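Under the heading active site, proton donor, TrEMBL lists Lys159. Positions annotated as NADP(+) binding site by TrEMBL: Arg38. The annotation (S)-2,3,4,5-tetrahydrodipicolinate binding site is assigned in TrEMBL to His156, Gly165, Thr166. Marked as domain 'Dihydrodipicolinate reductase N-terminal' by TrEMBL: 4-128. Annotation source TrEMBL lists domain 'Dihydrodipicolinate reductase C-terminal' at 131-264.
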Amino acid sequence: MEKIRIVLAGPRGKMGTEALKMIESTPHFELAAAVDSRNGGKRIKDIVGLPSFEALIYEDLHVCLDETVADVLIDLTKPEIGKKHLEIALERNVRPVIGTTGFSDEDLRRLSDLAADRQTGAIIAPNFAIGAILMMKFSQMAAKYLPHVEIIEKHHDQKLDAPSGTALKTAQLITEVRESVKQGHPEETEDLPGARGAELDGMRIHSVRLPGLVAHQEVIFGGEGQTLTIKHDSMNRASFMPGVKLAVERVMKIDQLVYGLENIIE
Ligand SMILES: NC(=O)c1ccc[n+]([C@@H]2O[C@H](COP(=O)([O-])OP(=O)(O)OC[C@H]3O[C@@H](n4cnc5c(N)ncnc54)[C@H](O)[C@@H]3O)[C@@H](O)[C@H]2O)c1
Ligand SMILES: O=C(O)C1=N[C@H](C(=O)O)CCC1
């Protein structure tokens, strides 16, 4: 099998270090280069605590892709950088696998058009954990029958964006199968602003940020005399790596942008 040559953006981060281990243990993956906010000119093996890859570190993706033969870019940096890197990679026909969140509907339309123009596969995955994908799929199934929904997402307190990409994606999947519903009492008031959480098509989304958490979500459905809770917990960042590996393999075989791993697992 030919090796898939990967550029990894964010190699020193919590996700990036797990991704390096995943690449190291996958015989048909090769780390071609890395993009970091510092350490340009060094090699991955020169950074204390990182595996002994010879791959060079660049501080600019343009320069990296000028000097590197690559098939796939994995981006695990931060929202505005992931978006910029996705575009740079597509313009050079390098297939992006993006783990950062914060893409608006308008961004997704524009980037889908760009991927289609370039006939280059791209995957944006708000959550790489296979269990989280199932949680979203099961929630979409349940919402057909129990349309009153509240989402509680909980993450570590270093997370930059709220609500989480997973919560937004879950809400979007639910809007595809249910009519818009006015939830709660028609005359309810918020005596403390934000008490009822964010609102998306009648659904409420509550974001919790605490040290000690990794990534967790509960989707609670209410009906007459019953509730249903669908819950997923990522206890560590290794939980995301089978999904990253799957996305890298799959992005090599598609020629359009896919938003969400639920679109590539059976
Ligand atoms: N899709 C998923 O399943 C999933 C799971 C966990 C985290 N995430 C997302 O992945 C991203 C990384 O998460 P994390 O917990 O590893 O964060 P982190 O803060 O530990 O790591 C981010 C890394 O990106 C680097 N970085 C910042 N700007 C950069 C730039 N311009 N170029 C290159 N590198 C740059 C930082 O130096 C840091 O090492 C976040 O956006 C997070 O929301 C996604
Ligand atoms: O920032 C994180 O950490 C995570 N973000 C994702 C999201 O926004 O949904 C989910 C996984 C962890």
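Including glycine, each Cβ sits where the backbone N, Cα and C put it.
On the structure: features taken from TrEMBL.
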residue: Arg38; record: NADP(+) binding site; DSSP (3 states): coil
residue: His156; record: (S)-2,3,4,5-tetrahydrodipicolinate binding site; DSSP (3 states): coil
residue: Gly165; record: (S)-2,3,4,5-tetrahydrodipicolinate binding site; DSSP (3 states): helix
Other CB atoms within 10 A, centred on Gly165 ((S)-2,3,4,5-tetrahydrodipicolinate binding site): 21
Listed binding-site residues with Cβ under 6 Å from ligand 1, out of Arg38, His156, Thr166: none
Extra residues within 8 Å (Cβ to Cβ centroid of His156, Gly165, Thr166), (S)-2,3,4,5-tetrahydrodipicolinate: Thr101, Pro126, Asn127, Glu153, His155, Lys159, Asp161, Ser164, Ala167, Ala215, Gln217
Among Arg38, His156, Lys159, the one of these recorded positions whose Cβ has the fewest neighbouring Cβ atoms within 10 Å: Arg38
Spatial neighbours, same chain, of Thr166 ((S)-2,3,4,5-tetrahydrodipicolinate binding site) - Cβ under 8 Å, 6+ residues apart: Thr101, Pro126, Asn127, Ala132, Met136, Glu153, Ala215, Gln217
Nearest recorded site to Arg38 (NADP(+) binding site) by CA-CA distance, among recorded positions His156, Lys159, Gly165: Lys159
